[in-house]
Amino acid sequence: MRTPVVMTLGMVLTPCGLLLNLVSTLAPGWRLVKGFLDQPVDVVLYQGLWDICREQSSRERECGQPDEWNYFQTQPVQVARGLMITSLATTALGLLLASLGVRCWQDEPHYGLAGLSGVVFFVAGLFSLIPVSWYNHFLSDPDVLAAPSSPVTVQVSYSLVLGYLGSCLLLLGGFSLALSFAPWCEERCRRCRKAPPAGPRRSSISTVYVDWPEPALTPAIKYYSDGQHRPPPTAEHRDTSKLKVGFPMPRPPPKSYTNPMDVLEGEEKKTATSQGGSSSRSTRPCQNSLPCDSDL
């Protein structure tokens, strides 16, 4: 898997910010002082947090100059020393966390750890930005930052500029790495939705059961409402009340007897002889093979 862009950007900006802050802390170049009355015109003093250097065009730079104005005892210098060292230590901790979070030897990055390193870098940038801004605010104030009287000129030197750049790089790199919290939070929310509830879910609305008194009914209404006026079902009704299971089968059509012989054959002869009397009707044999009416 490719490293996300926010992690790559953060891992590029934060080491650069650490390097610039380190140079700004150690180099004697926070303030430039020139224009001394009792010194040559080309004499320049570079004041830092730990040392003061003297530079002249005809000579090389000489460091370790004595502090004639109690410059190192001023409050902005003392605070800047402590905060810049704290910023360097915090940045080193952030690099350690970022190395573990931005997987250099794993397939998947640890988004939570990378986001935490971004927060640490952001705090480190604030630790370095506060003393740099405070020092720059009182740069030309002799009551806060000790300096010789006029016509001495006080200017910003290179270490202060490097401190500004290093702080901004740490802030940007920390913010970029802190964006790694977005996929981490999304994954956590997805797991919380899929996880089953730990216990039985309680309803937010409680159900209240109220036993209302039954209304008093007249004897006639109670008699008819209870069904007492209905006679008990008979056996015939019980049989018909049973449910019939299944589906109706088709019934075959009724069968009828068909005679292939003509049943009216011989009826004319029987009609002619019927006048002879009833006795002769019963004694004559029937010429039809079918049963005759006299046989019935």
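Using the three backbone atoms N, Cα and C, a Cβ is placed for every residue, glycine included.
What Swiss-Prot records for 273-284 is compositional bias 'Low complexity'.
If you look up Swiss-Prot, you'll see 224-296 marked as region 'Disordered'.
Mean predicted confidence for the topological domain 'Cytoplasmic' (103-111): the pLDDT average there is 73. Annotation source Swiss-Prot lists topological domain 'Cytoplasmic' at 103-111 (among others).
The topological domain 'Cytoplasmic' feature in Swiss-Prot is assigned to 182-296 (among others); the stated evidence is sequence analysis.
What Swiss-Prot lists as transmembrane segment is 3-23 (among others), and the listing cites sequence analysis. Same-chain residues lying 6 or more positions outside the transmembrane segment (3-23) and placing a CB less than 8 Å from one of its CB atoms are 84, 87-88, 91-92, 94-95, 98, 101-103, 109, 114, 117-118, 121, 125, 128, 159, 162-163, 165-170, 172-174, 176-177, 179-180.
Remote same-chain partners of the transmembrane segment (82-102), defined as residues 6 or more beyond its termini with a Cβ less than 8 Å from a stretch Cβ, comprise 3, 7, 10-11, 14-15, 17-18, 21-22, 24-25, 49, 109-118, 120-121, 123-125, 127-128, 130-131, 163, 167, 170, 174, 177, 180. According to Swiss-Prot, the feature transmembrane segment maps to 82-102 (among others).
Same-chain residues lying 6+ beyond the ends of the transmembrane segment (112-132) with a Cβ under 8 Å from its Cβ atoms: 7, 10, 14, 17, 21, 24, 76, 79-80, 83-84, 86-88, 90-91, 93-98, 100-102, 160, 163-164, 166-171, 173-181, 184. Summarising the annotation, Swiss-Prot assigns transmembrane segment to 112-132 (among others).
According to Swiss-Prot, the feature transmembrane segment maps to 161-181 (among others).
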